[in-house]
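Enquirer: One structure coming up, written as structure tokens, with questions to follow.
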Amino acid sequence: MAQVPRKKKRKDSALSLGGGGPVGAVKFGEAGIFLVERRMGSSRRRFLTELARKKGFRVEGQMSESVTHVVSENNSGDEVLELLEKQNGICGTEFTAALVDITWFTESMGAGKPLQLEKRHRLQVKRAAAAGTIAVPVSPHACQRRTTLNNRNRLFTDALNILAENAELSENEGPYLAFTRASSVLKSLPYNVTKMDDLKGIPNLGDHSRKLIEEILEGGTCNEVQDLIQNVRYQTLKKFTSIFGVGVKTADKWFKEGLRTLNELRASTIKFTKQQEAGLLYYEDLILPVTKVEADLIKQIIEEAVHRFLPSAIITLTGGFRRGKEYGHDVDFLITHREEGREEGLISKVISWMTAQGIILYDDITDNSYHKWKYKESETFDRFAKCFSIFKLQKMVHNLEPGRTCSHGSLAANETRGIGLAGHAGSPRHLTATAAKDKDWKAVRVDLVVAPFGQYAYALLGWTGSRLFERDLRRYAKHFGHMILNSHSLFDNKQNTFLLAATEEEIFAHLGLDYIPPQERNA
């Protein structure tokens with residue numbers, strides 16, 4: 001019997017799906033989606049295909065005439081068109097499907113239906129463009145942009161941040177958000193803005209922000225910003241709100257009472273809160289930047305204290321340092337334990353022990369007040385057990401060799417053990433700050449947050465920041481996913497259920513968003 005010759009297995013092209021994936025009931029047959037694998041990767045493409053099909057979208061495994069949307073990630077329109085022509089024999093001049101960026105796909109997944117195409121979604125095709133120029137759409141949402149610490153447009157963002165800060169000090173939320181969003185989108189740009197044409201198609205830039213940018217491009221400075229820097233109210237409120245425990249309303253009240261300097265505050269008859277007393281007492285230290293080296297040393301102290309009571313607890317450095325910053329204004333830590341419930345009551349024990357060692361200068365402990373079914377709100381603040389504190393960090397730690405650990409004895413002043421703010425000479429009225437040259441330690445703000453393990457991923461996401469990134473993430477969840485996101489959970493209004501997540505990646509997947517690592521959340 002003659003053997004039947006085997007057919008050669010055709011190699012899948014770069015644009016071939018190479019597998020079906022689960023197909024659900026198609027709800028949106030009018031939109032045919034084709035996902036370009038190039039720079040997306042096969043596993044991610046497979047995951048997105050399954051996600052879309054489960055939601056009722058029609059996803060094609062091969063390029064065909066039924067495709068209406070060609071979705072690509074990190075490719076230019078010219079690159080996608082070249083691939084289609086090369087691999088599928090499609091002529092670019094006869095091509096009718098829309099070439100779209102992945103942002104259209106993720107936003108459609110969040111909305112649960114194919115969204116109408118906007119200009120920002122479409123990939124630009126410029127056959128005559130210079131080699132290497134790639135038009136990449138910029139999302140209006142900070143949670144969809146990758147913003148590193150490499151800010152190429154600091155000249156503009158610094159000016160916009162001053163206007164945003166002034167609006168915040170005036171409790172004018174509209175302009176505050178407008179200037180903050182404008183600054184944020186400029187930070188995310190992978191190029192230097194050298195002319196106004198560079199801003200074509202860039203979202204979140206209102207007339208006021210564009211006018212500022214244009215003025216700086218023409219003359220190097222902005223008169224409005226220069227005038228503001230010299231403004232007495234701006235200077236005073238900026239200084240007062242830099243005091244630990246002082247918000248905008250309190251600062252404005254003091255300004256209206258005629259107070260202008262810290263010495264005038266200290267000499268006044270104002271009844272300060274304990275937090276404000278500490279803020280004034282340690283002001284000169286607290287306005288100094290905290291280094292990553294100092295943050296790591298403080299982590300060693302906290303690990304020693306926490307592991308005395310809960311040996312296998314997990315302690316994570318969060319905030320700006322987790323996003324890659326080398327300096328910050330305070331140090332934030334998230335504490336949890338894999339066995340949920342073991343973390344209860346931990347924070348009081350840890351603070352008591354560190355106070356006895358002379359490490360704590362000030363503390364304010366709040367118990368956990370989270371009630372799952374009552375807390376379906378998109379709030380900025382959370383209900384975790386936490387402590388806002390001021391640490392006493394010995395300056396001798398700067399001379400330690402890299403990698404060398406420190407015991408609490410070398411980091412805390414033995415002669416002041418058991419003495420916190422209340423034990424400071426002259427407290428509460430004598431609030432003269434101790435001169436740096438008179439002491440061998442530095443006061444540092446440290447926030448400790450204890451989260452149950454089931455909420456750890458959401459807490460980690462919330463406490464990593466940045467502020468605008470988190471705000472836009474909550475906003476995106478609400479408007480595009482019909483979900484409520486906070487630092488405890490993600491609630492799906494459609495399914496009327498909380499969505500579990502063990503990692504940050506899973507939270508992004510629930511929202512239909514590309515995962516953005518901490519180092520790219522500096523919005």
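Placed from the backbone N, Cα and C atoms, the Cβ positions cover glycine too.
TrEMBL entries are annotated by machine, without manual review.
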Enquirer: Among Asp198, Asp207, Asp440, Asp447, which residue does TrEMBL annotate as binding Mg(2+) at the site that also has Asp330, Asp332?
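Expert: The record-listed residue among the candidates is Asp447.
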Enquirer: I need the neighbours of the Mg(2+) site defined by Asp330, Asp332, Asp447. Which other residues of that chain put their C-beta within 8 angstroms of the C-beta centroid, in sequence order?
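Expert: Close Cβ neighbours, site residues excluded: Thr318, Gly319, Val331, Phe333, Phe388, Arg445, Val446.
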Enquirer: On the three-state reduction of DSSP, what should I expect for Asp447 (Mg(2+) binding site)?
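Expert: Note: Asp447 (Mg(2+) binding site) is in a strand by DSSP.
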Enquirer: Under DSSP, is Asp330 (Mg(2+) binding site) part of a helix or a strand, or is it coil?
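Expert: Looking at the DSSP assignment, Asp330 (Mg(2+) binding site) belongs to neither helix nor strand, so coil.
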Enquirer: Could you tell me which of these binding-site residues, Asp330, Asp332, has the fewest other Cβ atoms within 10 Å of its Cβ?
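Expert: Lowest Cβ count within 10 Å among the binding-site residues (Asp330, Asp332) is Asp330.
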Enquirer: Have a look around Asp447 (Mg(2+) binding site) and count the other CB atoms within 10 A of its CB, chains all included.
Expert: 17
